[in-house]
Amino acid sequence: MNAKTSSEGEEEASGTRNETLGKNGYLGEAKRGQVIRVAYVIAALDLTFLFMQMGVMPYLAKSLGLDSVGFGYLQTIFGVLQLVGGYIFGRFADQFGARAALILSCASGSVFFLLMSLSTSIPLLFLSRLPGVFMHGIPGAQKVITDMTTPSQRAGALGKLGLCFGVGIIAGSALGGVLSTKLGIYSPAYVGLVGSLINTLIAMVWIPSQTKPKSDHHVPENSLFMIMFSIISMDFFGLEAVESGYLMSYFGVLQMVVQGLVVGKLASHCTEMTLLRLSVLVFAGVGLGMALMRTVWHYCIIAVPLVFAFSMLATITDSILTKAVPSSDTGAMLGICASVQPLTRTVGPTIGGVLYKQFGVSSFGYLQLMVNLGLFVYLLRSKIPLGEMKSQ
């Protein structure tokens, strides 16, 4: 009788302890929610600073005497560094935890902006790209979120990073244009330096040192036009830094609306294969629109289906990878997936710079049209078993 009572007491205590610690075994529900919100804040700030420098970088490069092809090489170097660093960063996160990985990313951002603020010549500008090897704020935030959520919660929690992306585009693009116009071309670098240091402190204070790995994430889509957008907005559209920032902010608003109101509803009613095909088909149509585009107002119209296709494809790949990859080696998988976008930024700027210089903006559209039509035909004939599954 006493043994039974003791056993029941232990089970009750264990249940109480598990309820307090939460489903991941380390933190309670309220604490995990707080950590996830902090991860969103870090991601939004990180993207804001990134887009802030992206908006002024072509103008800074031009002021130092770098042409569009040289700027393509600059972007390629940054892409190579992120490509190489993605897997290393993921392994670092596996070995030392999400908190240490986020601190590394934010600290690297601080060095990045410091070097950028000192870039008074082309060699120094290229040198400023080096810290990009460890600048992986979004994969770091994804790592925190996957560690802190159960499989049933994960899709929704990761999906909200799309809203952070929208906030980053809107705030960063607008701030970059205004700051560079009012306070000088290097002022966004100063703001990014201070902001990245603050982000580092936030990660040190609010992210717990121990989290439990659970899953993985995420393959974003890219296009040559988006990779070369900063050069196109300056040379083809003839926009100033402020106007270019407003255009990117418009892109961010569209992403928030589409991500919040459209993508989730479609994903809950359609199979993954249907949405995958739809995204690729829309990308093909956008390619045709880009080939015929002549003014910035044309781009504002084309941006609507473009953002839809970007957001939908990101959601579908999120879902597929979350279901397909085992729970082990979370950080390594995040690093590999995060390397896909740098891969496109590695080859994209060089190819894009040559195409733009030789054939103009329309060449991006025709290339995108042909590639996506070919991919659409492949998906129609594909036997990939996604048709019966719906995105969650």
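Using the three backbone atoms N, Cα and C, a Cβ is placed for every residue, glycine included.
Pulled from TrEMBL, these are the features on record:
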- 1-20: region 'Disordered' (REGION)
- 38-60: transmembrane segment (TRANSMEM)
- 72-89: transmembrane segment (TRANSMEM)
- 96-116: transmembrane segment (TRANSMEM)
- 161-179: transmembrane segment (TRANSMEM)
- 185-207: transmembrane segment (TRANSMEM)
- 219-239: transmembrane segment (TRANSMEM)
- 245-263: transmembrane segment (TRANSMEM)
- 275-293: transmembrane segment (TRANSMEM)
- 299-321: transmembrane segment (TRANSMEM)
- 361-380: transmembrane segment (TRANSMEM)
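The transmembrane segment (161-179) makes contact with the transmembrane segment (38-60): 3 or more of their CB pairs lie within 8 A, with pairs spaced 6 or more apart in sequence. When each of 96-116, 185-207, 245-263 is checked for Cβ pairs under 8 Å to the transmembrane segment (38-60), 185-207 comes out on top. Against the transmembrane segment (96-116), stretch 185-207 has more CB pairs under 8 A than any other of 72-89, 185-207, 245-263, 275-293.
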